[in-house]
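K.L.:
One structure is given below, represented as structure tokens, and several questions about it will come after.
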Amino acid sequence: MSTGNLDFEQFRVFLEKACGILLGENKQYLVSSRLNKLMEQQGIKSLGELVQRIQAQPRGGLREQVVDAMTTNETLWFRDTYPFEVLKNKVIPEFIRNNPGQRLRMWSAACSSGQEPYSISMAIDEFERSNLGQLKMGAQIVATDLSGTMLTNCKTGEYDSLAIARGLSQERLQRYFDPKGPGRWAVKPAIRSRVEFRSFNLLDSYASLGKFDIVFCRNVLIYFSAQVKKDILLRIHSTLKPGGYLFLGASEALNGLPDHYQMVQCSPGIIYQAK
């Protein structure tokens with residue numbers, strides 16, 4: 001596979017237009033590792049040829065396969081821990097006080113392989129076990145990703161031992177998963193039932209998503225340019241109910257937009273409240 005500078009630049013432009021991801025100039029190795037097998041299968045010898053093939057058939061399956069390969073990321077259960085503790089100890093109790101009798105509605109944006117929305121669902125179950133009857137109308141979690149392949153896998157709720165080992169305690173494994181044969185586990189139906197998976201591009205219109213009380217958009221914005229990041233944050237704000245909360249990744253910060261979000265210092269961690 002050839003990754004000449006001109007070919008690589010063409011591919012960078014294509015990927016940013018397709019899904020907003022801005023590849024660094026030193027990411028040829030990443031592109032090669034993600035696309036080598038696909039390009040060999042298609043008989044494509046360079047990134048320039050790949051882009052030309054996609055442009056010739058912009059609605060073809062090759063475009064989706066390439067975007068899938070470049071946006072697929074494995075993640076962890078209960079990543080960074082604190083967001084899920086803040087959710088249980090601060091945000092859900094506050095929601096119940098301010099919205100008696102209403103259903104909690106959450107969005108897990110760019111949910112990848114599904115660990116985040118299922119972790120959220122487990123955290124909600126843990127809250128309900130400790131606070132019987134308080135979340136009377138229950139909760140809905142809308143989980144979106146650009147990758148159709150990942151969403152298909154997410155919906156099954158099945159994971160191998162390697163994925164299970166990444167952040168999941170034995171206690172939660174025993175409580176929330178059923179064994180599905182050697183080295184495989186499935187999320188229990190009660191946890192899966194809260195989660196609705198949808199295909200969604202963060203650059204598209206947000207109108208179909210509706211309004212949310214809480215949005216998790218963690219470890220996603222680092223892949224976008226500053227302008228695209230700002231645009232996405234403004235769009236997310238449009239989906240948040242007044243006073244709703246945005247959770248970003250531990251290494252991400254919301255710089256700017258003081259008219260839209262207020263920083264809330266938790267212990268530990270930081271979240272953002274919609275004005």
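Each Cβ is built from the backbone N, Cα and C atoms, and glycine gets one as well.
According to Swiss-Prot, the protein carries these features:
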{"type": "DOMAIN", "residues": "1-275", "note": "domain 'CheR-type methyltransferase'"}
{"type": "BINDING", "residues": "ASN73, THR75, ARG79, GLU116, ASP145, ASN201, LEU202, ARG218, ASN219", "note": "S-adenosyl-L-methionine binding site"}
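Give me the structural setting of these features: burial, nearby parts and distances.
P.N.:
In the predicted structure, the domain 'CheR-type methyltransferase' (1-275) carries a mean pLDDT of 93.
With a cut-off of 8 Å between CB atoms and residues at least 6 apart in sequence, the same chain places SER112, SER113 near ASN73 (S-adenosyl-L-methionine binding site), listed in sequence order.
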K.L.:
Tell me, if you would, which residue among ARG79, LEU202 (binding-site residues) has the fewest other CB atoms within 10 Å in the structure shown?
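P.N.:
Comparing Cβ neighbours within 10 Å for the binding-site residues ARG79, LEU202, ARG79 has the fewest.
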K.L.:
Please work out which residue of ASP145, ASN219 has the most C-beta neighbours within 10 angstroms of its C-beta, and give that one of the binding-site residues.
P.N.:
ASP145
